[in-house]
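Notes follow once the structure below has been shown.
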Amino acid sequence: EFNKVLQEYKQDIFLYSKQEKKVTHLVLVVFSGIPSDAFANIIQTHDVKIEVVPNLVGKPIDIITKQKTNLENLNQKFKHINEELTKISEEHYANLVVIHEQLKIENKKLEVISNLGVTDDAFALEGWVPKSKINQIETTLKKHTAGTTVYELETKDKPPTLMSNPKRYFRLYEAFIRFYSLPESKEFDPTIIFAIVFPIFYGIMIGDAGYGLFILLVCLWVIRRLEKGKRNLNIMPKQLRSFALLILKKRQMLKLAKAMIPGCIVAIILGIIFDLYFGFHLNGYVFDALASVGVTGFPEPGAVLNRPSQAFFDPIERAGTLLLYSGYIGIGMVSLGLVMGITNCLREGEKREAIGKVGWLAFGWGVVLVGLAMIHGDALNPMWPRLIEVNPIAYMYFGLLFGGIALMFIGEGARAIMELASIVSHILSYTRLVGILLASIILAHTTDFIFLKALNISIPFIILGSLILVVGHLFNIIIGVFEPGIQGARLVYVEFFSKFYHGNGRQFISFGSVRRFTEEQYILEQSVIKPEKKKLIKPKIKTN
């Protein structure tokens, strides 16, 4: 297209190109005969960058030689300047960063002072303070100021939220709660529940010791690379690392890797119970080794990786039992969510909403108990005259069902009747824990079966079978990283949080600055927990 435009002025414009490996050099020679407005239009339309040709005199070879010499001289000067700057930095950089940090803090103070209520004799500062810090702040102000008084004011404004969870493990999962929605200040912070439940769900859905160990090693590698800065070990292609950094920031990736570690440990434990190691059954070899004192217990020829399962609990043969357990988990999680919702409503004085949630709880248990009775073949027909003799507890089931519906109608109106099926779907939704586990096991078994069959055919089939083994398990691992994580978080966010959690909180941001190179000016007095003495970071000079 650009060449077509130039053809209109081919007498006054010439385009020369030189193709190299990575770059194509273009030279556009323009004579004065072309109208200036036409040339300007070409430049603007096609985003051409103009480089002015310097006035040079002499032969091209001599000019090139001279320019190369000048470039070398400039590089030497540049190197010398960098060396001088490094010497200056070694002497003054540490002091400069300390002064710069302190000046930024002082500037923040001046910005706040301009918003204070000030008279000739007094000033007022209003803000939110955590209840646990009020006494400490009063003591600190009395020590460092004169005539300062702290008043607690009643307000209808919603206070900001300050999440306070035990350090290390539980605080790691605060990011997942913030991602969903920050709790309001009066709400229960569900971080601890999420930190306990999510890894268990994640580990259940993987359920293979080999997969769990592989993902655990990848997580440890990510932590080692991002947190400790050790880049001498690369287990992931550069293109894949770049793609991962497009999706997540380094800090987010680090948190995610740490959050997945407990789930991987659960997966390894369950994999040992299920006797699954990349789909293979290896418990038998361990049992043989434990049962023998000498060098015995070797597998027979041809049965190296194809021994029968010696699982403590076989997930394939007892899939029905697993589904039943997942249903128990479902009713347990939904019940806990509703109980917490009832507590929230009573605390906030919303009695009608609390009655509605009691109705949902009763109806949910009624459905579960009726379902279990049907599975066990118990008598349930309320019209049967002998029901009170054979299975009198069945009347309690129906009482929970219809009593729950009545309470829902009182608390939430006709809308609740239209949503009766939702509580059942939320309970049954937890069966996906077993569904994803079984899908992963079947895929692993299929991959292993093809590989073992290929070993008995010929060398080309052995190579093909080995390729299928690697690709199949790698595909299963990739699914195991994402699918259990997404579904585990979804079961908490949707089926659990919807019963009690409102969110939409406003984060509490304290007036202060993060000090990296300077010491704290004031420390809260009479602190119940002695503040940790923060180790100051030694400034490092950045060199190119």
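Placed from the backbone N, Cα and C atoms, the Cβ positions cover glycine too.
The annotation coiled coil is assigned in TrEMBL to 64-91.
Look at TrEMBL and you will find 192-223 (among others) tagged as transmembrane segment.
As annotated by TrEMBL, transmembrane segment applies to 259-280 (among others). Residues 169, 172-173, 175-176, 198-204, 206-213, 215-216, 219-220, 305, 309-315, 441, 444-445, 447-448, 473, 481, 484-485, 488 of the same chain lie 6 or more positions beyond the ends of the transmembrane segment (259-280) yet place their CB under 8 Å from a CB of it.
For the transmembrane segment (322-346), the list of distant contacts is 187-188, 193, 197, 315, 353-354, 357-358, 360-361, 364-365, 368, 375, 423, 426-434, 437-438, 491, 495-500: same-chain residues at least six beyond its ends, Cβ to Cβ under 8 Å. Sequence annotations record features per position, and here TrEMBL assigns transmembrane segment to 322-346 (among others).
Marked as transmembrane segment by TrEMBL: 358-375 (among others).
Away from its own ends, the transmembrane segment (395-418) comes close to residues 352-367, 369-370, 373, 380, 382, 387-388 of its chain (Cβ-Cβ under 8 Å, at least six residues beyond either end). Per TrEMBL, the feature transmembrane segment maps to 395-418 (among others).
The transmembrane segment annotation in TrEMBL covers 430-451 (among others).
Summarising the annotation, TrEMBL assigns transmembrane segment to 457-482 (among others). Among residues of the same chain six or more beyond the transmembrane segment (457-482), those with a C-beta under 8 A of the stretch's C-beta atoms are 205-206, 208, 210-211, 214-215, 260, 278-279, 440, 443-444, 446-448, 450-451.
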What same-chain residues lie close to the transmembrane segment (192-223): Cβ under 8 Å, and 6 or more beyond its ends?
165-166, 169-170, 172-173, 176-177, 233, 235-236, 253-254, 257-272, 274, 276-280, 315, 333, 336, 433-434, 436-437, 440-441, 444, 473, 476-477, 480-481, 483-485, 487-489, 491-492, 496
Average model confidence [pLDDT] within the coiled coil (64-91):
90
